[in-house]
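Record features, source TrEMBL:
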- 87-167: domain 'Cadherin' (DOMAIN)
- 168-276: domain 'Cadherin' (DOMAIN)
- 277-391: domain 'Cadherin' (DOMAIN)
- 392-496: domain 'Cadherin' (DOMAIN)
- 496-618: domain 'Cadherin' (DOMAIN)
- 613-642: transmembrane segment (TRANSMEM)
- 753-770: compositional bias 'Low complexity' (COMPBIAS)
- 753-774: region 'Disordered' (REGION)
Amino acid sequence: MPERLTEMLMDTWTPLIILWITVLPSIYMAPMNQSQVLPSGSSTGLKRLNEEQRVLHRSRRGWVWNQMFVLEEFSGPEPILVGRLHTDLDPGSSKIKYILSGDGAGTIFVINDKTGDIHAMKRLDREEKAEYTLTAQAVDRDTNQPLEPPSEFIIKVQDINDNAPEFVEGPYHATVPEMSVVGTFVTKVTATDADDPVYGNSAKLVYSILEGQPYFSIEPHTAIIKTALPNMDREAKEEYFVVIQAKDMGGHMGGLSGTTTVTITLTDVNDNPPKFAQSLYHFSVMEDVALGEPIGRVKANDLDIGENAKSSYDIIEGDGMDIFEITTDAQTQDGVIRVRKPLDFETKKSYTLKVEAANIHIDPRFLSGGPFKDTATVKIVVEDADEPPVFSSPTYLLEVHENAALNSVLGQVTAHDPDVSSSPIRFSIDRHTDLERQFNINAEDGKITLATPLDRETSTWHNITIVATETRNHSQVSRVPVAIKVLDVNDNAPEFASEHEAFLCENGKPGQVIQIVSAVDKDDPKNGHYFLYSLLPEMVNNPNFTIKKNEDNTLSILAKHSGFSRQKQEVYLLPIVISDSGTPPMSSTSTLTIRVCGCSSDGIVQSCNVEAYVLPIGLSMGALIAILACIILLLVIVVLFVTLRRHKNEPLIIKDDEDVRENIIRYDDEGGGEEDTEAFDIATLQNPDGINGFLPRKDIKPDLQFMPRQGLAPVPNGVDVDEFINVRLHEADNDPTAPPYDSIQIYGYEGKGSAAGSLSSLESSTSDSDQNFDYLSEWGPRFKRLGELYSVGESDKET
């Protein structure tokens with residue numbers, strides 16, 4: 001690319017360059033505007049080499065440039081001459097030196113310090129840097145003193161068409177609905193060109209389609225892509241691959257171009273109706289199929305996708321519209337046929353249905369194409385199955401009086417086999433529903449009888465389950481609930497609703513109502529309860545109380561006179577007879593307790609105890625309780641004080657819980673028996689404190705200090721146990737601080753594996769003379785020596 005561009009530029013621009021260099025003042029150095037004339041004060045003047053400006057002489061100075069131009073991407077065998085600097089102070093004697101500074105000075109741009117010629121040393125790219133700002137100055141070659149102030153100028157890089165258009169955002173993806181009209185907007189693409197959009201047509205772009213006709217078109221200047229054909233069908237072709245070209249130079253020959261791809265996808269619209277794969281479907285179903293179970297599926301295919309392919313199914317005709325239903329499977333879009341009501345092979349053996357599938361989302365634009373629905377015929381054949389027995393009723397309700405006789409018939413259930421074979425039926429009671437076995441059933445005819453007595457007051461309802469089983473196939477079983485209601489009979493006498501206790505004020509008046517009592521009856525008569533109240537015959541002429549029946553079925557107790565006294569009689573008992581209105585009538589006698597109490601003037605009960613009379617006037621019960629509590633507290637303090645005094649006066653001797661005199665300390669383990677040779681060391685009897693003859697007692701608190709006595713020095717290796725024990729016994733007998741007692745310890749536990757039991761003589765129930773130790777020889781070699789010793793002892797006694 002750079003070589004081709006260089007050849008093109010050389011062929012095109014070589015005459016211009018020659019002319020530019022030849023006529024340098026008029027072409028390469030633009031005239032300076034009046035506003036750019038340097039201020040006065042300089043010793044030089046401006047001079048225009050241009051012929052038209054030759055008569056204009058400046059008395060100060062004048063650089064012959066404003067800006068310079070150089071072509072980008074130009075390369076040749078020699079550095080390119082950009083322009084020449086000259087001042088009228090240069091007489092040609094080579095005493096003036098030109099200096100160049102600024103952007104790229106010395107690297108990109110080099111100046112001949114004698115002639116002022118500026119050359120471009122490198123290949124320039126306008127897209128990298130469009131212009132360079134430089135500063136020129138003329139100085140004395142010998143002294144380097146500036147002859148004139150520095151002046152600034154610009155070198156602009158002129159653009160050439162060296163950059164092709166680019167689609168930065170490509171490749172593109174776009175969608176457009178199928179069946180769109182011509183000219184429907186699809187998308188817009190955009191290309192960019194790095195060349196100068198101001199200079200020439202290097203950045204003027206024109207768009208065109210290289211691939212994708214005749215389906216799509218593009219506007220040349222706006223790059224908007226539109227549909228070019230009507231009614232493009234997604235079901236025929238869903239995706240299109242379009243190539244777009246952008247060309248600069250206004251699309252003319254020689255311009256550079258770039259391409260991009262646009263993938264255009266047609267989106268679906270509902271332009272296709274559903275269609276059944278077949279017009280007739282056949283299904284078979286067993287008559288005992290469960291309700292709601294699917295028996296078959298139908299499918300209406302739709303070429304559309306997504307929401308546009310969704311269909312709903314319905315049964316529009318047929319003799320089983322109320323027996324079957326059809327629903328839509330949301331995942332597969334199938335029509336699922338289910339059983340709505342029970343089937344009966346013996347009643348109807350086949351059904352014919354007409355089902356319809358219709359689109360849910362319909363596009364009105366395509367209604368003219370026909371109805372978006374389809375129909376199919378479904379034939380369903382019912383097959384015979386061995387069905388369980390069928391009861392004549394789904395539930396049964398029986399009623400029985402609670403005093404019904406045992407084995408009396410309460411009712412009957414019936415069932416039959418709906419199959420053609422008509423198997424016999426046997427009935428039974430599910431005992432899980434009749435745990436107390438109060439009922440029986442005849443297995444042949446289904447009659448329910450009473451097995452145990454009933455009590456309505458205990459349970460009013462009994463719910464049992466009757467099981468019907470085919471005799472030919474015991475797996476065919478049916479169940480039916482039976483509710484048995486126990487009817488009431490008058491078998492309970494009325495009684496007081498609660499334990500009443502009436503209170504009668506001493507200052508009460510005659511005829512005053514003492515208490516209102518009510519009665520209850522466990523029975524439940526149809527017309528409700530009605531009670532009759534009366535006094536016992538011997539209490540009819542009661543001088544103290546009378547009764548009165550109230551309209552609300554309660555009873556009022558009234559006092560006949562006043563002047564009741566607790567000291568005279570504290571409690572009265574009033575027997576009352578209560579009768580119901582049943583058949584036969586039932587009655588009971590309840591006793592009402594009437595207690596005489598002291599009341600205030602307002603009739604409020606204050607005290608019902610006779611002891612209240614002995615209380616001092618003005619002293620309440622609370623005060624008496626407080627006094628009694630104080631007395632008890634004082635007694636407790638006195639007892640504690642006396643106990644402490646006694647404890648303090650006791651002598652400092654052994655405490656009760658530490659006194660082990662005459663006590664037997666029992667230990668329930670003996671150790672390892674005769675094989676245990678390390679359980680006890682006799683040397684431990686030599687108390688280290690007894691080395692000097694002083695052995696303090698640790699089981700008492702001595703009142704006076706016992707002076708140590710010189711004892712026998714123990715022998716470390718050879719121990720004379722007999723002598724040791726005698727010495728210690730003597731010391732204990734002569735110790736004034738030691739109480740005279742012996743401690744006896746019994747080891748009565750022989751271990752778990754000893755067959756001999758206890759060998760302790762203290763626990764023996766017989767005397768030595770009654771003992772026979774011959775059995776020791778039978779216990780094995782371990783007891784052989786012991787048997788010989790006891791045998792010798794027995795023989796000595798006999799001699």
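Any Cβ shown, glycine's included, is placed from N, Cα and C.
All TrEMBL annotations are machine predictions without curation.
In the predicted model, the domain 'Cadherin' (87-167) shows an average pLDDT of 84. Residue counts of the domain 'Cadherin' (392-496) by helix, strand and coil are 3 helix, 47 strand, 55 coil (DSSP-based). Helix, strand and coil content of the domain 'Cadherin' (277-391), in residues and according to DSSP, is 10 helix, 57 strand, 48 coil.
Mapped onto DSSP helix, strand and coil, the domain 'Cadherin' (168-276) counts 3 helix, 46 strand, 60 coil.
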